[in-house]
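For reference, TrEMBL has these:
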ACT_SITE  GLU107  active site, nucleophile
ACT_SITE  GLU111  active site, proton donor
DOMAIN    24-221  domain 'GH16'
CARBOHYD  ASN115  N-linked glycosylation site
SIGNAL    1-22  signal peptide
Amino acid sequence: MASFTILRCLCLLFLSSSLSMAAPPKRAIDVPFQKSYVPTWANDHIKYINGGNEIQLSLDKYTGTGFQSKGAYLFGHFSMHIKMVPGDSAGTVTAFYLSSTNSEHDEIDFEFLGNRTGQPYILQTNVFTGGKGNREQRIYLWFDPTKDYHSYSVLWNMYQIVFFVDDYPIRIFKNSKDLGVRFPFNQPMKIYSSLWNADDWATRGGLEKTDWSKAPFVASYKGFHIDGCEASAQQTFCATQGKRWWDQRAFEDLDGLQYRKLAWVRQRFTIYNYCTDRSRLPVMPAECRRDRDV
């Protein structure tokens, strides 16, 4: 009886540890803009507040603006707190993304599509691998992103890419190389953000144009968290690969609570998913079932 009890306890311990194997990303550390980023274009349309702990990007009829990370990275955790353009933001796009620079580039996108006053923002995500994209997903957010700052982050490792809004995973893109799907693993990417006019497509497919009488349009940022393996653009391997926290087994997959949050977002807020668009893709892409997109 004693040996049975010990065995049962050991089994329960193993089951408990296996169920709790996955983990959320480490807590982001807020740093000033200048520590990790530089302006890319239209420097005069970036306003620095509180010593660079907060910045504002502005868009007018003449130009938008943007910035990029000083370094390029192979894997890691990247986040920003953003407050979107308030009011009538139709035609505007606020983008936060990772991208490599060669012709067959990799890219991980957040794009926030503005709308007419009173209509919800649309968040579009996309993943490019080897120059191939066309993996758009669109959701409504469950809050007004113009009222307060919210965290938007990417966890990228050898196993998966996870898009987070606050602590809610809204999308995963698993490493499906065994299914013939390319995965970003050997091209360092920089982090970029921009505010720009895209009224030829951003709002209702371009039907709603930017109302320049409402300019300047302003998006606010803070946080600027980067925790990644820095690499030159020519490198294809991270020197510390396998040794960083995001390489560990706990980050190979989401845990049960995270999958429930992901399901809640998908069931309630999805408005477009390339995986289910048979008119555009008659054959469902190989990665969709593994990513639990259907």
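Glycine is treated like the rest: Cβ placed from N, Cα and C.
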Inter-residue Cα distance where the pair is ASN115 (N-linked glycosylation site) and GLU107 (active site, nucleophile), in Å:
25
Does anything in the same chain, at least 6 positions from the residue listed as 'active site, proton donor', have a Cβ under 8 Å from its Cβ, and if so what?
VAL93, THR94, ALA95, TYR97, LEU123, GLN124, THR125, ASN126
Name the residues of the same chain, 6+ apart in sequence, whose Cβ is under 8 Å from the Cβ of the residue listed as 'N-linked glycosylation site'?
SER89, ALA90, TYR121, ILE122, THR203, GLU208
For the domain 'GH16' (24-221), the mean pLDDT of the predicted model
95
